Amino acid sequence: MSAVNVTNSSLQSLVDASGIKAMQGGVLFGLNLIIIVVILFHRLLREQKEYVIVVGRAFCDALRGLAMIIAGLGRIFMVKYGSGIVYVSRWECYLKPWNILFDFSELLGAYVLVMVSLDRLFAVSLRLRYFSLTTDYAWKMNAALFLFVLGNVVVGAHYSRETGVSEQQYAQKTKQLGRITITLGIVCFVSLTVHVIPVLYQYAFVPYLGAPAWVTIYSDVYLLNNMEPMVNIFIYLFRCKDIRTAFILVLRFKQLQPGSQSVVQHIGSGPHRHTQQRKVTTVQTVK
């Protein structure tokens, strides 16, 4: 595996930031754990639906705090022992404990807010019905939400691994996208200079603004307009490797092979998608 070239000051900044993150996570985890213990310890509190809902919210925040602790300490450990700035696969990076906890707790936090909002709407709209419910209602809501989010994370991770695009492929696609965008920008500029401006000058500036004209203006504009598609052909051949290669192969009566293209195939479209995804792609310490 290759490592990223970084200075000692950058490494120290990463260690300091990770330490602060671990301390913040400790505060977040500790305070929410206290709330959970207090509510569960007192029978009068844990027998109220509202406080059971609060337990679900506090559990979500405590889980996020735990992720921050593990992330901070884990990154400090990796930097200290030389494995913190190393390129690894996207899947290996995702399987770090803190990334799994972050993914789960962030998604769970969003759904918990929805659950709390619906619970309060139910309590205000149907008060008598809400008062008749027991704490089983709140525990079931928390459990259902937990299982739902867990299923989303598992399915999402599996689907991303099967059909997603790795960071290496994404970088190649981005590079190709930039090149094609510049190519089309050049085409637009050529169209502006040899077509739009001459036509605008001939049919607007000359008759309405009194711009100077010459005897061959109509034929000159006509010739310029005809130059546009010819210039575009050379732009495509010069800027686009795929088109240039395909053009040469057409002259040889050969088909363009996948290996000769600069286009990056979707990771789920070939038989080697898993081996492609294990290529060096991302930085282990980034989250």
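Residue 1 is the first one shown; counting continues down the chain.
Cβ from N, Cα, C; glycine included.
According to TrEMBL, the features are:
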- 278-287: compositional bias 'Low complexity' (COMPBIAS)
- 31-150: domain 'G-protein coupled receptors family 1 profile' (DOMAIN)
- 264-287: region 'Disordered' (REGION)
- 27-45: transmembrane segment (TRANSMEM)
- 65-88: transmembrane segment (TRANSMEM)
- 138-159: transmembrane segment (TRANSMEM)
- 180-201: transmembrane segment (TRANSMEM)
- 221-238: transmembrane segment (TRANSMEM)
Intrachain neighbours beyond the transmembrane segment (180-201), with Cβ under 8 angstroms and 6 or more residues off its ends:
211, 220-221, 224-225, 227-228, 231-232, 235-236, 239-240
For a three-state summary based on DSSP, what are the helix, strand and coil counts in the domain 'G-protein coupled receptors family 1 profile' (31-150)?
102 helix, 3 strand, 15 coil
Looking only at the domain 'G-protein coupled receptors family 1 profile' (31-150), what is the model's average confidence as pLDDT?
84
